[in-house]
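*Asks:* One structure is given below, represented as structure tokens, and several questions about it will come after.
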Amino acid sequence: AVELTQTPASVEAAVGGTVTIKCQASQBIYSYLSWYQQKPGQPPKLLIYKASTLASGVSSRFKGSGSGTEFTLTISDLZCADAATYYCQTYSYSSTYFGGGTEVVVKG
């Protein structure tokens with residue numbers, strides 16, 4: 001099994017600011033890391049896959065980086081609509097693993 005540890009658990013920033021979320025894997029997962037955004041009552045939305053590739057239709061304000069065991073999601077020029085919980089995700093041997101989530105609170 002792969003354990004994904006996200007930090008921080010919660011972060012607050014103002015509109016126009018920048019937020020950085022880290023995800024640490026318990027073993028080398030190369031670049032097999034995705035980031036999802038989830039809002040209450042909605043399914044998760046894929047933002048980034050293969051660590052740094054932006055999913056179709058996703059704003060370039062979202063940037064993923066890292067490889068191996070250390071990964072980062074950066075959200076710049078924050079908007080109120082970015083308020084959500086963000087999860088990192090990977091897979092191994094047909095199993096899917098998620099981080100514990102990071103709640104992003106946007107002050108506007």
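Yeah, the Cβs are placed from backbone N, Cα and C, and that goes for glycine too.
As annotated in Swiss-Prot:
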| type | residues | note |
| --- | --- | --- |
| REGION | 1-23 | region 'Framework-1' |
| REGION | 24-34 | region 'Complementarity-determining-1' |
| REGION | 35-49 | region 'Framework-2' |
| REGION | 50-56 | region 'Complementarity-determining-2' |
| REGION | 57-88 | region 'Framework-3' |
| REGION | 89-97 | region 'Complementarity-determining-3' |
| REGION | 98-107 | region 'Framework-4' |
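For each feature listed, report its degree of burial, its nearest neighbours and the pertinent distances within the displayed model.
*Replies:* If you average pLDDT over the region 'Framework-1' (1-23) in this model, you get 98.
Using a Cβ-Cβ cut-off under 8 Å and counting only residues 6 or more beyond its ends in the same chain, the region 'Complementarity-determining-2' (50-56) has close neighbours at 31-34, 62-67, 71.
In terms of DSSP secondary structure, the region 'Framework-3' (57-88) contains 3 helix, 17 strand, 12 coil.
Helix first, then strand, then coil: DSSP counts for the region 'Complementarity-determining-3' (89-97) stand at 0 helix, 7 strand, 2 coil.
Among residues of the same chain six or more beyond the region 'Framework-4' (98-107), those with a C-beta under 8 A of the stretch's C-beta atoms are 4-15, 19, 21, 23, 38, 75, 78-80, 82-89.
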*Asks:* Which sequence positions outside the region 'Complementarity-determining-3' (89-97), separated from its termini by at least 6 residues, show Cβ-Cβ distances below 8 Å to it?
*Replies:* 1-4, 25, 29, 32-36
*Asks:* Can you work out which residues elsewhere in the same chain, 6+ from the ends of the region 'Complementarity-determining-1' (24-34), have a Cβ less than 8 Å from its Cβ atoms?
*Replies:* 2-7, 46-52, 64, 66-71, 88-92
